[in-house]
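This report refers to the structure that appears directly beneath it.
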Amino acid sequence: MNKIPSNIMALASNTSNKRETVCIFGTGDFGRALGHKLIQSGYPVVFGSRSTQTSGLIPKDAEVLNHAEAAQKAAIIIIAIQRQHYNFLAPLADILHGKILVDISNNLKINQYPESNAEYLAQIVPGAKIVKAFNTVSAWALQSGTLDASRQVFVCGNDMGAKQMVMDIVRALSLTPLDQGSLLAAQEIENYPLQLFPMWKFPILLSLGLTIFFFFYCLIRDVIYPYVYENKNFSFFLAISIPNRICPILALILLALVYLPGVLSAIIQLYRGTKYRRFPDWLDKWMLCRKQLGLVALAFASLHVLYTLVIPIRSFVRWRISTYIVSQALNNKTEPLDTTNAWLSDSYLALGILGFFFFVLLGITSLPSVSNNVNWREFRFVQSKLGYLTLLLCTAHTLVYGGKWFLSPTSYRWYLPSAYMLSLIVPCIVLVVKFVLILPCLDKPLTQIRQGWERNPRYSE
Ligand code: NAP
C-alpha cells in the first residue's frame, strides 16, 4: 500500500480554513492563469521559475522563487512547462522525491510520443507521484472565468492519495474532476484536446457523399433530361427544388441508418446465440455515432420544412397555378375535385407533420440536459419506440408522396427512378427486418440473449 507522507496528510485534512501552498513551475500563460485562479480560491501560490524577478503579469500575491526553493514550499507542484523542457527536472529529483507532480501538458499531434507526457515525467522523476490533470482546460478559460463550455477535468494517476488531493484542488476551483484511472490513461487524456469532432466525422462525411450523389442524380433527371428531350430550361431548380429533394432524402436515409446497426446487432446476436462476443469494429463505431447521425438527419429534415414553407411564394409555382386556372377558363370547364388525390395529398402532409414532430422530440431528448433527467427505461422508450415510429411516419410520408405514380414506368427518366424511390430502400429494409425481429419466435430468444443467456455457454458450471 502507498504511504502518504505527513505533509500530504496535513493537506488532506486541511479542508476548511487555510489552504496549503501550491507550487507552479513555469510562469507562462497557463501557469499564470492557474496561479491566478488558485489565489482567488484561497491557495497560497509559489512559482518556480528560471527568473525570480516578478513582472506585472504574475499574480501579485504569488511568490516567485527558483525551482528548488519553490518546490520545498509545497507538497503539490504543477508543471506548467512544455514536455520538451522536462529534462531540467532531473537534477531536482531529490527535492521532488515524494512530492505530487501534476502534469498538465498537451502535444501538437495525436500519439506524438511513444509514451504519454505524464509517463515521461515519471521516468525523469521516479520518486515523485505523478498525476495527470488540467490539460483539457485552456489558459484563456481559466483567466476569463468562462468555464461553462468545459468544466470537466480528467484526472489520472497511480497514487490514490495524490490523485484525491489533486481532485480536491480541482473542486476548489469550481471544476469537476473525472477520475480516469491509472497513469495508463494519460495518453488518451492527452489526445482529447487534439481530436476534432471525432464522433461527427462519419456522419458528416457520409451526408456529404450522399448529398453529392443525390445532387447529380437530381440534376440529371430534373434539369438535364427535360433540357435534352423537351428543350425546357429548368436550371432554376438548382436553387430550391433540388435542395428540397435532397434534404428529405438525406433525412430519411440517415434516420434509417441510426436504426440499421441496432437490427444488424440483433441479427448477429441471434446468429451467435450470445451477447458475450464483440461486434466487428465498424459496427461498434457506427453504433457510437448514432446520436450524431440522428442530429444531422434532423438538420436535413428542418431544412426540408423551411424549403417547403416557401413553395407557395415561388414564381414557378404561382405561374403553374395561374396557367392552370386560365386554361380552365379558356376551355370553360372546371375540373371536378379528385377526392383520391385530395386524400393522398392530405395524408402525405399529415404524415410529414407528425414525422417531423417526433423527429424534433427525438432531437430534444438527445440533449444532455434532457437525457440526464430521464431514467434508462424512459430514454430507451423515446429513442427506440418513438424513433421507430418517426422512421415509420417519415417512410410512409415518402411512400404517399409518390402516390399514384409510385413505380409507374412514366416516372423513369433514362431508366433512372425518382430519387425519393432510392431513399426508401434503406428505411424499408430496416422497418421490415425490425418487424420480423419483434415476432415472438425471434424476440423471445433475443431478449434472453440480451439478459445473458447463451446457446453454447463457453464456461459451463
Ligand atoms: P508557455 O506560455 O510557453 O510557458 C511555458 C513556461 O515554461 C515558460 O513561461 C517558462 O517559464 C517555462 N520554460 C520555458 N522553457 C523552459 C526551459 N527550457 N526550462 C525550464 N522552464 C522553461 O506555455 P503555456 O501555454 O503556459 O503551457 C504550459 C504547459 O501547459 C504546456 O505543457 C501546455 O501543453 C500546457 N497547457 C497549456 C494550455 C494553454 O491554454 N496555454 C492548456 C492546457 C495545457 P519561466 O520563464 O517562468 O521559467
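Count begins at 1; order follows the chain as displayed.
Here the Cβ of each residue, glycine as well, is placed from N, Cα and C on the backbone.
As given in TrEMBL:
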type	residues	note
DOMAIN	21-107	domain 'Pyrroline-5-carboxylate reductase catalytic N-terminal'
DOMAIN	249-382	domain 'Ferric oxidoreductase'
TRANSMEM	204-229	transmembrane segment
TRANSMEM	249-271	transmembrane segment
TRANSMEM	292-313	transmembrane segment
TRANSMEM	347-365	transmembrane segment
TRANSMEM	386-407	transmembrane segment
TRANSMEM	419-442	transmembrane segment
Remote residues contacting the transmembrane segment (292-313) - C-beta distance under 8 A, at least 6 residues beyond either end: 199-200, 202-204, 206-207, 240, 243-244, 246-248, 250-252, 254-255, 257-258, 355-356, 359-360, 362-363, 366, 387, 394
Overall pLDDT for the domain 'Pyrroline-5-carboxylate reductase catalytic N-terminal' (21-107), taken as the rounded mean: 94
Chain residues in Cβ proximity to the transmembrane segment (419-442) (below 8 Å; excluding those fewer than six residues from its ends, i.e. six or more beyond): 214, 217-218, 221, 245-246, 248-249, 252-253, 255-257, 259-260, 263, 266-267, 270, 388, 391-392, 394-395, 398-399, 401-402, 406-407, 411
Tally of DSSP helical, extended and coil residues in the domain 'Pyrroline-5-carboxylate reductase catalytic N-terminal' (21-107): 32 helix, 19 strand, 36 coil
